[in-house]
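Q: Pasting a structure below so you can have a look.
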Amino acid sequence: MKLPNKSLERNLFMSGYRLIYAVDEVGMGCLAGPVVVCAVAITNQFYKKTHKKLRWLRDSKLLLAKSREFYAEELLKEKDLVYALSYAYPKTIDKLNIYQASRWAMRRAVRKVYSSLYMVSGIQNTKYKIQDTVFKSIVLVDGNKKIPGLKGEQIAIVRGDRRVFAIACASVIAKVFRDKMMVQYAKKYPGYGFEKHKGYGTKYHQVKLASLGPCAIHRRSFRLTY
């Protein structure tokens, strides 16, 4: 199995970039629940490590739940990786449409991680906010289009979660957090089986929708009858 590699990020750091952002979303194709976006900010120090425990990390869709949770836990321990989450809830999706809502959440996630990120100065050994200092940075986006309304350089990468390690990291974190949300929704809205299918349009979900009708977290702008 071909794994995402770190060659793009390493080449960018060698070209003078000091910080790489990577963004991915989970849940665009679901009938229920939010789209969850994770943005990660990664320094060159992260790529100087071997990361033996992350060796088989890949696109979250290709991992078992237990593996995703393990990798997410390891990523959240990393001091050279900072993350932020953003959510596009069903009402926002229905208002904007799924594509615009997802792009809105992506833009928000990048801005959130940007505003919360602190770097450690190698000269003064003091912490300072990243926005107070000029760093050459770039955003790697999963998909074929850049994020509208976001300043700075971007690269849109088709199937980026399968090709680029940083984007795969973002996909794993987003998926783990979204799955946990859907398990909690299953308790609030029993009968739909959200803990099983996580809001995707499985046959089981379709049958339950037909018998129970949509609940508060179903996307009214999606086709909910089959």
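The backbone N, Cα and C atoms fix where each Cβ goes, and this holds for glycine too.
Heads up, here are the entries from TrEMBL:
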BINDING   Asp24, Glu25, Asp142  divalent metal cation binding site
DOMAIN    18-226  domain 'RNase H type-2'
TRANSMEM  20-47  transmembrane segment
Q: Kindly state the mean pLDDT of the domain 'RNase H type-2' (18-226) in the predicted structure.
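A: Averaging the confidence scores along the domain 'RNase H type-2' (18-226) gives 91.
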Q: Inside 10 Å of the Cβ of Asp24 (divalent metal cation binding site), count up the other Cβ atoms and send me the figure.
A: 30
Q: Using all protein chains in view, find how many other C-beta atoms are within 10 Å of the C-beta of Glu25 (divalent metal cation binding site).
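A: If we count other Cβ atoms within 10 Å of Glu25 (divalent metal cation binding site), we arrive at 26.
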Q: Taking 8 Å from the centroid of the Cβ atoms of Asp24, Glu25, Asp142 as the cut-off, which other residues in that chain fall inside it around the divalent metal cation site?
A: Val23, Val26, Val37, Cys38, Met106, Val141, Gly143, Gly160, Asp161, Ile167, Ala170, Ser171, Ala174
Q: Can you check what DSSP calls Asp24 (divalent metal cation binding site), collapsed to helix, strand or coil?
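A: Asp24 (divalent metal cation binding site) sits in a strand per DSSP.
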